[in-house]
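Taken from TrEMBL, the feature domain 'Major facilitator superfamily (MFS) profile' applies to 26-476. According to TrEMBL, the feature transmembrane segment maps to 19-39, 82-101, 113-132, 138-159, 171-190, 202-221, 283-307, 319-341, 348-368, 388-410, 422-445, 451-472.
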Amino acid sequence: MAGGGYVDSGNAKQFEGKVTAFVLVTCFVAAMGGLLFGYDLGITGGVTSMEPFLIKFFPGVYKQMQDDVGHRSQYCKFDNELLTLFTSSLYLAALVASFFASSTTRMMGRKASMFLGGLFFLVGALLNGFAVNIEMLIIGRLLLGFGVGYCNQSVPVYLSEMAPAKIRGALNMGFQMMITIGILAANLINYGTSKLENGWRISLGTGAIPAVMLCVGALFLGDTPNSLIERGQKEEAKKMLQKIRGIDNVEEELQALIDASESAKEVEHPWKNFTQAKYRPQLIFCTLIPFFQQLTGINVVMFYAPVLFKTLGFGNDASLMSSVITGGVNVVATLVSIFTVDKVGRKILFLEGGVQMFICQIATGVMIAMKFGVSGEGSFSSGEADLILFFICAFVAAFAWSWGPLGWLVPSEICSLEIRSAGQATNVAVNMLFTFAIAQVFLAMLCHLKFGLFFFFAAFVLIMTLFIALLLPETKNIPIEEMHLVWRSHWFWSKIVPQVDNDRKPTTAQS
């Protein structure tokens with residue numbers, strides 16, 4: 001199939017099992033790890049547009065905003081290296097943490113990583129809420145970053161391993177759903193605290209609440225059967241498998257997991273093995289999907305939304321309310337993906353989302369170009385402001401049912417056990433590296449590229465949509481330990497991946 005390739009789930013072994021209340025509750029609790037990431041994404045942009053916060057920690061930015069109000073280019077009024085360092089330092093810390101989290105997740109289990117992530121985030125949120133100087137603020141951000149790194153490493157893997165194949169997409173997207181709820185909650189809190197003298201302290205400190213929820217929840221979670229087998233606890237794994245599948249006869253699936261684990265143990269260097277030809281598709285997708293996810297331009301909208309709307313001439317209250325609106329759209333659109341991903345598949349959502357994002361980026365760039373030009377002087381009328389808000393909301397919706405949730409789902413489900421920790425660590429590290437890069441340079445890029453910034457992101461959206469159309473096989477309804485079969489049936493990857501894997505036990509490769 002020249003357009004990409006599809007593997008029917010009939011080619012892979014289907015295991016018995018029900019969708020139990022236990023697995024739904026377990027996945028809901030674990031998905032709360034997404035609240036941490038989402039809350040921070042939503043809270044930061046709002047706080048950095050609050051005048052009391054800027055006066056205390058970034059007086060240079062505040063003075064810059066006040067000087068030459070009528071003449072200064074709207075594109076450049078928030079361009080400040082220290083302010084961007086405050087925002088982006090979290091993502092650099094998350095990048096570093098993802099490599100430590102990979103070892104923790106493999107040796108101590110998925111729930112241990114989730115608990116540590118919650119603990120790091122809790123301390124970081126408290127430090128930020130009580131900060132009295134820029135040093136406390138940055139140290140708090142770094143600890144928040146470690147929390148995000150640990151959670152983003154462990155939660156998607158946990159969800160993919162616990163969920164039955166037929167609803168794995170929907171349950172895994174619970175992580176993205178929690179991210180969007182976190183963003184919306186943060187936007188609402190920012191809107192409520194923006195008028196208070198120390199409202200920024202409430203906004204930053206409230207991050208401790210989802211952290212406590214995750215820590216407490218993690219204490220009561222069981223670990224995944226895959227993780228238990230990986231650590232030699234086969235009887236515990238069998239009990240957990242019976243619990244999450246709702247049946248007593250789990251021998252066939254258990255044996256497949258044991259075989260996969262034994263194959264994984266033969267791999268002495270998972271990072272080195274990750275570069276072998278048979279894992280080339282996983283390496284490429286675990287690297288390029290998070291890379292492209294950040295170059296959709298979504299972070300321009302999400303953690304700089306209030307700053308962006310303020311730059312475009314919205315007042316302070318209007319900019320925060322616009323962020324609440326985009327946050328609400330984000331939540332609703334993510335629900336669309338949850339209910340459709342296991343029916344229409346991953347690929348259709350990727351492609352539709354890509355086309356819609358491309359159109360919205362071009363439209364937004366054209367509107368800003370016509371109103372602000374290269375001088376950066378001007379403002380939107382009420383009708384024009386409503387129209388650009390519509391395009392931004394349509395962009396957010398497209399991302400929320402495509403690259404948002406699928407950017408975490410696909411890398412977490414395509415890696416076999418022997419490279420799963422390495423694959424997810426790569427996914428998180430690349431994601432955080434480019435989140436850091438975009439956060440660090442966005443305000444400077446806005447200042448220098450002006451309206452061209454939106455065309456810059458649109459070009460990447462076009463490239464990534466073609467990449468998915470040509471190279472991503474459909475993975476819906478494929479059991480996670482049978483995922484290696486999809487590459488052997490794909491028009492392109494079948495030329496690279498060996499058709500026979502001598503390292504894998506026969507039982508896991510049967511159809």
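Backbone N, Cα and C atoms are what each Cβ position is placed from, and that goes for glycine too.
Ranked by Cβ pairs under 8 Å to the transmembrane segment (202-221), the stretches 19-39, 82-101, 113-132, 171-190, 348-368 are led by 113-132. For the transmembrane segment (422-445), same-chain residues at least 6 beyond its ends with a Cβ under 8 Å from one of its own Cβ atoms are 78-80, 83-85, 87-88, 91-92, 94-95, 98-99, 101-102, 105, 145, 148-149, 152-153, 156-157, 270-271, 273-274, 282-283, 286-287, 289-291, 293-295, 299-300, 303-304, 307, 407-408, 411-412, 414-415, 453, 456. The transmembrane segment (113-132) shares the most Cβ pairs under 8 Å with 138-159, out of the stretches 138-159, 171-190, 319-341. Across the candidate stretches 19-39, 171-190, 319-341, 348-368, 388-410, the maximum count of CB pairs under 8 A to the transmembrane segment (451-472) is reached by 348-368.
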